[in-house]
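Q: Sharing a structure below in C-alpha cells format, with a few things to ask.
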C-alpha cells in the first residue's frame with residue numbers, strides 16, 4: 001500500500017482566546033494519497049483555508065500532527081518550512097499573485113530561480129509548462145496583458161515549476177467567470193495526471209467536485225466525508 | 001440635496017488612522033510655526049540690523065548742518081566782535097529743526113559746535129596739536145570748575161571792533177584736568193600755539209574743569225576736550241582741546257579768519273527709534289534735505305546739510321532686501337516639500353481607507369457626502385495643528401505671518417479629502433480597462449499627454465523664475481517682486497525631480513533586465529519590485545525635492561560662512577592693517593620695520609593706497625584704487641594668506657618708438673611705462689591698455705596693464721604697481737598703509753594704534769558674523785536644511801509605508817515559493833534602495849547645480865561684504881550625512897517592517913476569503 005503524501009492527525013487550530021475564540025479546526029484527521037486530486041468543500045468560514053494553510057506550513061496547528069511527504073511539519077522551524085515550500089509544496093491563490101513587471105515566462109521561472117536551476121534547464125521547463133497550460137504563445141506578455149483565466153494558468157504553471165509533490169489551491173477559480181473557472185479546473189485535473197502531482201483544492205464549485213478523486217467536506221472546523 | 005453625514009464613520013476613520021493624521025498635524029504645525037515666525041522674526045531682525053548699522057556708522061550717520069557766520073565786517077575795516085554768536089548758533093539749530101521735518105522724530109537733541117582749525121602746540125618735544133571748540137547741547141555739557149573759572153570775554157566792551165592786521169585776538173579757554181596735567185598748564189597760562197601758517201594765537205587758560213557727566217552726548221562732538229586723543233592729526237601726534245564758553249565764543253571767532261570757523265549743528269540718530277519702515281521714510285527725507293542744501297562753495301549763510309545716513313540706510317536696506325529674499329527662498333523650499341509631504345500622507349491615508357471608502361460607496365454613500373466627511377476631519381486636524389503652530393509663532397515672535405502659512409494649511413485641509421474622494425470614485429466607477437489594444441493605447445497616450453502638459457507647465461514656471469532671478473537678481477528693488485524669483489530654486493528642483501521621475505523607471509527597468517540575465521534570484525525579485533514601485537510620482541518628487549533643497553540650504557550656509565571669512569580677508573588685506581594719516585608718512589616704513597621685528601609677525605608690508613586715483617584710459621576717466629607697494633614683499637605676504645597670489649610685475653616697459661605702430665590706447669608721452677596689474681569690474685581695461693595717472697606740476701605718469709590684479713581688496717576697480725618702479729618713474733611714493741600677517745599681527749598692529757587706524761581681520765569677521773541679518777540667515781538656512789532633511793526622511797517613511805502592503809503581499813507570495821524571511825528582507829531593501837539612492841545622489845547633485853546657477857543672483861555678497869558673489873563652497877561633511885541618511889533609512893525601515901509583519905502569520909497576509 002502506498003504511503004499517504006499528507007497525514008493529518010487530530011489537528012486543532014483556534015484563533016483568539018476566551019469566549020471570543022474561534023475554533024477553525026477541531027480534531028481534524030485524514031490522509032491524502034499521492035497522485036490524487038482532493039476537493040475540500042465547505043461554506044465560507046468553515047475552515048477550508050485554515051486547513052490548507054496548516055498543511056502547507058503557512059500556519060501552525062495548535063495541536064495534532066501533520067506530515068507532508070513523510071516530513072513532520074509541526075517540528076520544522078521557519079527555514080525548514082521555507083525549504084518545504086521550495087521543494088515539496090506549491091500554492092495557487094485566488095488572486096494569482098504574479099509579479100506585474102515580469103513576463104509570463106519569467107513568472108513561471110521564479111521558483112526555478114529560487115531553486116538555482118541552471119538557465120538552460122529553467123528555460124526548457126518554463127517552455128514545457130507554458131505549453132502545458134496553453135500559454136506558449138503568451139510567454140513574453142506581462143500579467144496585465146493577460147486575461148484573468150490566463151493569469152491563473154500562469155500561476156498554475158509557476159506552482160508546478162519546481163515539481164512539487166503537493167499542490168495546494170485555495171479557491172483558484174474564485175475570481176474567474178464560470179467558463180474560465182471550469183477550464184482552469186480541467187487544467188488542474190490534467191496536470192495532476194500528467195505531472196503526477198497531488199492536488200488539494202478548496203472550492204465551492206460543483207464541477208470541481210466532479211473532477212476530484214475525492215471530496216472532503218468541512219463545516220465548523222470538522223470533517224465530514 | 002444636502003450631503004448626508006455619517007458621524008460614526010467620521011469618528012471611526014479618525015480613530016483607525018490616528019497615526020497618519022497626527023503625523024500630518026505635526027507637519028502642518030511645525031511648518032506653520034516656521035513659516036509664520038520667520039518673516040516676523042526677520043522683520044524684527046531687520047529693525048535690529050538698521051539699528052546696528054546706524055550704531056556702527058557712528059558719526060557718519062550723524063546729520064550735520066553747517067552755515068557760515070553772518071558777516072562781521074566793521075566800519076573801521078576790522079571785524080566787529082559779535083556778542084550774540086551763541087544766539088546765532090541757536091538760530092541755526094532752530095531753523096534746522098524746522099527743516100528736518102519727519103527726520104527730526106528719530107534724531108536725538110542736537111549738539112551745537114564751533115570747531116577751530118588745526119593748531120600746533122609749539123613748546124615741548126612731543127608732537128601735539130590743539131583744537132578750540134564751543135560745544136552746547138541740551139542743558140550741557142555741564143562742568144565743575146576745579147580751578148579758575150569759565151572762559152570770560154577778553155574785552156570789557158562787548159561790541160568792540162577788532163582792528164585789521166592787529167595782533168592775535170585773545171581768547172579764553174577752559175581745559176580738562178587731564179589736558180591741564182598733560183600740558184602742565186593752569187588757570188591764567190597762555191598756550192603756545194600757532195596755525196598751519198605759523199601765525200601764533202593768543203589762547204589763555206581761564207580754568208580747569210571736570211565734566212559733570214563724561215557720558216553726555218555733547219562731548220562726543222569733541223572728545224579731545226575731555227582727554228587727549230592720539231593719532232587724529234597724524235602718526236605720533238596727540239590732539240588736545242580747549243573749550244570756549246558762550247561768553248568767549250565771540251573772541252573765538254575773532255581769533256580766526258572769518259571762513260576758518262563755521263556754525264555747526266549736529267544731530268545724532270537715535271538707533272532705538274529706527275525701524276525698517278522708518279528707514280525708508282528717512283532716506284526720502286534725507287534726499288529731500290540734501291536737495292535743498294547750499295553747496296559747500298556757497299558764501300552765503302544758507303544751511304549746508306551733510307550726512308551719510310541715507311547711504312548707511314540704503315546699504316542696510318539692500319542687505320535686508322537680500323536677506324528677506326534669501327529667507328523667502330528657504331521658506332518656499334520648506335513649504336514646497338511640506339506640501340509634498342502632506343500630499344504623500346494624504347495618499348497613504350486614502351490607500352489605508354480604500355476598503356472602507358469602497359464599502360461606503362457600495363452601500364450608497366454619495367461622493368459629496370464622503371468628501372464632506374473627510375473635509376470635516378481634515379479641517380479639524382489642520383485647524384488644530386495650524387493653531388498650535390501659530391500660537392508657538394506668536395509666543396516666540398509676537399505675531400504670525402499668516403500669508404506664508406496658507407499653502408501648508410490649505411494642503412493640510414484639502415489633500416486628504418481630495419485623495420479620499422478620488423480613491424472612492426475610482427473604486428466604484430463603472431469603467432474597465434478597454435478590451436481592444438487600440439483603445440488601451442489611446443488611453444495610455446492621453447494619460448502621457450496629461451502628464452507631459454503638467455511637466456511642461458512646471459518647466460515653464462521654473463524657466464521663467466530662473467530667468468527673472470538671473471536677469472534681475474533676487475532683490476525686490478531690481479525686479480519689482482520677490483516671490484517668483486525666490487520660488488526659482490523650488491520650481492527648478494521640482495522640474496529636475498520630474499526629470500528624474502522619468503529616468504527612474506528606465507533605470508530600474510535596465511536593472512531588472514540585467515538581473516534577469518544573472519543567476520541571482522533575489523536580484524531579480526528586488527529589481528522587479530523596484531520597477532513596480534518606480535512609477536509613483538509623489539515619493540520621487542518629495543524625496544528628491546527635499547534632498548536637493550536641503551543641499552541647496554547647506555550650500556548657502558557653507559558659502560556664506562566661507563564668504564564671511566574671505567570678505568574679512570579682502571576688507572583688511574591681511575591679519576591686520578594699520579592706516580596712518582598722510583601727514584605722518586615719514587614714519588610708515590620705519591613703523592613697518594618695527595612691526596615686522598615683533599615676535600609672531602611674519603610679514604609687514606608698507607604701501608601707499610590711493611582710494612580713488614584719477615586714472616584715465618583712452619581719454620575716459622577710470623578712477624580706481626591704486627596700490628603702490630613693494631611687489632615682491634606683497635607677493636610673499638599674500639602667499640601666506642587665503643587671498644589670491646599676486647602675479648609678477650615686470651620692470652618698467654619702454655614705450656614704442658615713433659616708427660612702431662601705437663595701440664589706440666597708448667599715450668603720446670615718452671618715457672618708460674610702469675607695469676600695472678589691473679582689475680576693473682566693468683572690464684573697461686584689458687591687458688596691454690595704457691592708463692594715465694595725472695600729477696600736479698608734472699606730466700601724467702604712464703601705466704601699462706601687464707596682467708590682472710588679484711581680488712585681494714574690497715574695491716571693485718583696483719590697480720597694483722610696484723613702488724620701486726613708480727619711484728624710478730619719478731613718482732613720489734608716500735606709504736600710508738601697513739599690512740601685517742602672522743599670529744602676532746593683531747597685537748603688533750594694536751601696539752601702534754596711536755599712529756593710525758588699526759583694522760583686525762578677526763574682529764572684522766566676528767563683527768560681521770554677529771550682525772543680526774547674517775546670524776538670522778545662517779540659522780534659518782541650518783534650520784531649513786535640517787527640516788528639509790527631516791521631511792525627506794519622513795517622506796521616505798511615508799512612501800515605504802504606502803507601498804508596504806503591496807510589497808509584503810508580494811514577498812509573502814514569494815515566501816510561498818520558498819523565499820526565506822531574511823531573503824524577503826533583502827528583496828524589500830532592493831525595492832526601496834533605488835528611491836533612496838536617487839534621493840541621496842540625485843537630490844544633492846540637483847541642489848548643487850542649482851546653487852551654482854543662483855549663487856550670484858541670490859546676492860549673498862551683500863551679507864558677506866564682498867564686492868563679487870562669494871565662490872560656491874560645498875559642505876562635504878553635511879552632504880555626506882545627507883547622502884548616507886536615505887540608504888540608512890532603508891536599513892532601518894526594512895527590519896522594522898519585517899518585524900511588524902512577522903507578528904502576523906504568513907497565512908494571515910495571504911488570506912483571501914473566509915477561514
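Cβ atoms here come from the backbone N, Cα and C positions, even for glycine.
Straight out of TrEMBL:
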type     : residues  : note
TRANSMEM : B:21-42   : transmembrane segment
TRANSMEM : B:327-351 : transmembrane segment
TRANSMEM : B:372-396 : transmembrane segment
TRANSMEM : B:402-422 : transmembrane segment
TRANSMEM : B:452-470 : transmembrane segment
TRANSMEM : B:490-512 : transmembrane segment
TRANSMEM : B:538-556 : transmembrane segment
TRANSMEM : B:780-804 : transmembrane segment
DOMAIN   : B:785-892 : domain 'ABC3 transporter permease C-terminal'
TRANSMEM : B:832-853 : transmembrane segment
TRANSMEM : B:873-896 : transmembrane segment
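Could you tell me the structural context for the features on the list?
A: Sequence-distant contacts of the transmembrane segment (B:327-351) (same chain, six or more residues past either end, CB-CB distance under 8 Å): 17, 20-21, 23-24, 27-28, 31, 34-35, 38-39, 42, 357, 404, 407-408, 411-412, 415-416, 418-420, 422-423, 474, 482-483, 486-490, 493-494, 538-539, 541-542, 545-546, 549, 552-553, 556, 776-777, 780-781, 784, 787-788, 791-792, 794-795, 798-799, 801-802, 805, 858.
Sequence-distant contacts of the transmembrane segment (B:402-422) (same chain, six or more residues past either end, CB-CB distance under 8 Å): 24-25, 27-28, 31-32, 35-36, 38-39, 331, 335, 338-339, 342-343, 345-347, 349-350, 353, 357, 367, 370-371, 374-375, 377-379, 381-382, 385-386, 389-390.
Taken residue by residue, the domain 'ABC3 transporter permease C-terminal' (B:785-892) breaks down under DSSP into 87 helix, 0 strand, 21 coil.
Residues of the same chain lying 6 or more positions beyond the ends of the transmembrane segment (B:832-853) and with a Cβ under 8 Å from any Cβ of it are 466, 470, 489, 492-493, 496-497, 500, 504, 507-508, 511, 526, 530, 533-534, 539-540, 543-552, 554-556, 559, 792, 796, 799-800, 872, 874, 879, 882-887, 889-890, 893-894.
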Q: With contact taken as 3 or more Cβ pairs under 8 angstroms (pairs 6 or more apart in sequence), are the transmembrane segment (B:538-556) and the transmembrane segment (B:21-42) in contact?
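A: The answer is no, given that the two segments have fewer than 3 Cβ pairs within the 8 Å cut-off.
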Q: List, by number or range, the same-chain residues at least 6 past the transmembrane segment (B:372-396) whose CB is under 8 A from its CB atoms?
A: 3, 5-6, 9-10, 13-14, 21, 24-33, 36-37, 40-41, 402, 405, 408-409, 412-417, 420-421
Q: Count, for each of B:490-512, B:780-804, B:873-896, the Cβ pairs lying under 8 Å from the transmembrane segment (B:21-42), and report the range with the highest count.
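A: Top-ranked stretch among B:490-512, B:780-804, B:873-896: B:780-804.
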Q: Going along the chain, which residues at least six beyond the ends of the transmembrane segment (B:490-512) come within the CB cut-off of under 8 Å?
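A: Residues 329, 332-333, 336, 455, 458-459, 461-462, 465-466, 524, 527-528, 530-531, 534-535, 537, 540-541, 544-545, 548-549, 552, 834-835, 838, 842, 846-847, 849-850, 853.
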Q: Taking residues 6+ outside the transmembrane segment (B:873-896), which of them lie with a CB under 8 Å of any CB in it?
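A: Sequence-distant neighbours of the transmembrane segment (B:873-896): 543, 547, 550-551, 554-555, 557-559, 561-563, 785, 789, 792-793, 796-797, 800, 825, 828-829, 832-833, 836-837, 839-841, 843-844, 848.
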Q: On the 0 to 100 scale, where does the mean pLDDT of the domain 'ABC3 transporter permease C-terminal' (B:785-892) fall?
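A: Averaging the confidence scores along the domain 'ABC3 transporter permease C-terminal' (B:785-892) gives 91.
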